[in-house]
Amino acid sequence: MVKLSEDQEHYIKGVWKDVDHKQITAKALERVFVVYPWTTRLFSKLQGLFSANDIGVQQHADKVQRALGEAIDDLKKVEINFQNLSGKHQEIGVDTQNFKLLGQTFMVELALHYKKTFRPKEHAAAYKFFRLVAEALSSNYH
């Protein structure tokens, strides 16, 4: 399991306090749906409307950002705290690679948001955090 340093935890918590959670999450979802179209296969209820401004994307963004907020609140217990969520994702057949792809699109959004201050150190912290989340969400898969 990925472990974040104290500095990385501090950075992740600071970023989460600074950004508009729902907006950045909706943008990351839009980007993952556009760049990796196969990730939309479980979102037929969105009827092909995958823009960050579309209501279905906004609703899913709300769920994702709440889960990320919970992870950030207790970074030492992400895997334990995501056990139920991991099980739900396994039941509906979410490909575990999608979690990694969403993490990548979040990093793109962070780089766009922070432009000059998203340097290698910050990128590494974000990368490790989203890897931690992806591993935790994949933990109940057999």
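Cβ atoms here come from the backbone N, Cα and C positions, even for glycine.
Lifted from Swiss-Prot, the feature list:
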type    : residues     : note
BINDING : His60, His89 : heme b binding site
DOMAIN  : 3-142        : domain 'Globin'
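In the three-state DSSP scheme, His89 (heme b binding site) falls into the helix class. For the domain 'Globin' (3-142), the DSSP counts in helix, strand and coil order read 111 helix, 0 strand, 29 coil. Mean pLDDT across the domain 'Globin' (3-142) comes to 96 in this model.
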